[in-house]
Amino acid sequence: MFEKGQRCQIRIDDMGSEGQGIGRADGLAVFVPGAVAGDLVTVELTKVKKRYAFSKLVSVDEPSPHRIEPLCGAAGCGGCGLALLDYEGQLAIKEKQVRDKLSRLGGLEDPLVRPIVGMDEPFRYRNKAQFPVSTGGIITRKGGVVENLGEPAIGFYKVKSHEVVDCGDCMLQSAAAMAAADALRRFMAEDNITAWDERWEKGLMRHLIVKTAFGTGEVMVVLVINGKGIPNGQKLVEMLDEAIYEAGYSLESVILNINKKKTSQIMGEECIPFAGKPTILEQVGDLSFEISPMSFYQVNPVQMRVLYDQARKYAGLTGKENVLDLYCGVGSIGLYLAREAANVVGIESVKNAVLDANRNAVINGIVNARFVCGRAEEELPQLLEDGGSDEMITDCVQNADVAILDPPRAGCDRRLLEAVAAVGVQRIVYVSCDPATLARDVKVLTELGYEFVEATPVDMFPWTVAVETVCLLSKLKSTNTI
Ligand SMILES: C[S@@+](CC[C@H](N)C(=O)[O-])C[C@H]1O[C@@H](n2cnc3c(N)ncnc32)[C@H](O)[C@@H]1O
C-alpha cells in the first residue's frame, strides 16, 4: 500500500498528455513531471489514488539515453511537452503510444503499426502561429486614459495560467511569424498600444496570428483586437511588411479580427480586411489552396503531404471509386485524391470551410468533388436515406467505395460510424490526432464488420505530445494488397 509522502524509485516507460513521465510502482501508475521515458528516478508521492498517483521528482538517478537539455529558454510556456527528449526518443514514445492504445482500448491483439514517419528537420514546421499579447496589465488614469503597466510581451501562456511568457524566438514557428511578433512588439512600445487585460476587460491588442504559406512564401497577419481599429495602423502594416520581407517572406494580407468579449475563445466572429488580400494562397504538390483567417488548415505542410500520401496509399484508388471525405475541413484530403477517384463528396460542419473547399475545387479545375455543410453524423445518414437534390452527391454517397474519416480529437460520433458501415464502403481510411479515440472507434468499426489492417503514425507536431495516425480498415477479410 502506498501513501502520500512516501518515496520510491521507478523507471519511466511512458509520457502523459502534458509531457509528464509515467512509471509503475507495483502496478500503480505514477505521474512524474520533469521525468522522461527511460529515466530511473526517485519520486515523492503527493497524491495517491487506487490505480494511479501523482508525485514530485526528487532525483534523476539514471538519466534516459534520450534526455537532453530543454529545447529553449522559454521552457515553461507549456508548448513543448517533450522538450527534454531528443527527437529519436520522441518518435519512439509516440509510436509506442499508438500501439498501446490500439491494443488496450481497441481490443486488438498485436496490431500492425508501421514505423512512425518523422521529419528530417523537426524545426520551424508550423505554418500557423498564435501568440497571446500582454503588457502585464493596464491601469486607468483620470479622464479614462488607459495605460500599460509594463513592456509588451508576445509569446505563449505559461502552463495552466493566462500569464504571457514573452518569446523572442520559438523553434517551432516560421521565421515570418517571429519577425511579425518582433515588429508588433516594437510598434506597441513606440506607440503605447495597450494589450487586453482580462481582469478589467480593457486594452486593445489580444492575439497575433500569423499564417505562413511555405509553398508560395505568402503571409497573412491577423490582429485580434478589442476595438474597431488600431491607432496609426498604417505604420504597423509597414513595420510588419519590412520585417516579414527581411525574413524572406511576403506579407500579402493583414486582417483585423474583432473580439470584444470576455472569453477564452481566441478569435471573434468579425474579420475586417485591413491591408492586401482577404486570403493567401498555398501550394501543395500541384494543388493550390486558399487559406482564410478562420478555416482549419493542417499546420505542418511537410508532414501533411506525408499524411495525405499515406491516406492515398491506403485508399487504394484506381480511378473508379466513389470517395467520402468526412470531416473534410477545406477539402484538402478529398481534393488531393480527386484525380484518382470517380467522384468525391466531403462533409464538414463549418460553413466557411465548406465555401473554401468548393472554391479550392474550382481553383484547381477539379470537377468531380463536392462539399456539403452539416454535421457528418446527421448529414450522411440523411443523404443515404433520402438522397438529395444533387444527383452526383446522392450517387457518390449511396455507392461509396472508400471513406476517409478525419475527425477532431473527440473522434467520430457512433452514428457516423454506423452510417459508414451502412453505406458498406470497402475501405475506411481513418486519420486521427488522438490514438485513444482512434482505438475506441476502431473497436466500434470491428464490431460493425470491418477488420483493422494496419496503422502508420506520422509525426505532425515534433516536440509536442500530439501524435497523428493514419489507419486502414477493410471490409474484405484478409485479402488486401496495399
Ligand atoms: C482534424 S480536422 C480535419 C480537416 C481536413 N480533413 C484536413 O485534413 O485539413 C477536423 C474537421 O472536422 C470538422 N468537424 C468537427 N465536428 C464535425 C462534425 N460533427 N461533422 C462534420 N465536421 C466536423 C472541423 O470543423 C474540422 O474542419
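Cβ atoms here come from the backbone N, Cα and C positions, even for glycine.
What you are looking at is a predicted structure, and each value in this text was computed from that prediction instead of being measured.
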Binding-site annotation, TrEMBL, S-adenosyl-L-methionine: partner of Q298, E348, D406 in Y314, Y327, Y430: Y327
Position of peak Cβ density within 10 Å, selected from the binding-site residues E348, D406: E348
S-adenosyl-L-methionine site shell beyond Q298, Y327, E348, D406, criterion: Cβ within 8 Å of Cβ centroid: F296, D325, L326, C328, G329, S332, I333, P407, V431
Cβ neighbour count (within 10 Å, all chains shown) around Y327 (S-adenosyl-L-methionine binding site): 21
Within the domain 'TRAM' (1-59), residues counted as helix, strand or coil by DSSP: 0 helix, 36 strand, 23 coil
Where the record names Q298, Y327, E348, D406 as binding S-adenosyl-L-methionine, the maximum Cα to Cα distance in Å: 15
Assigned element (helix, strand, coil) containing D406 (S-adenosyl-L-methionine binding site), judged by DSSP: coil
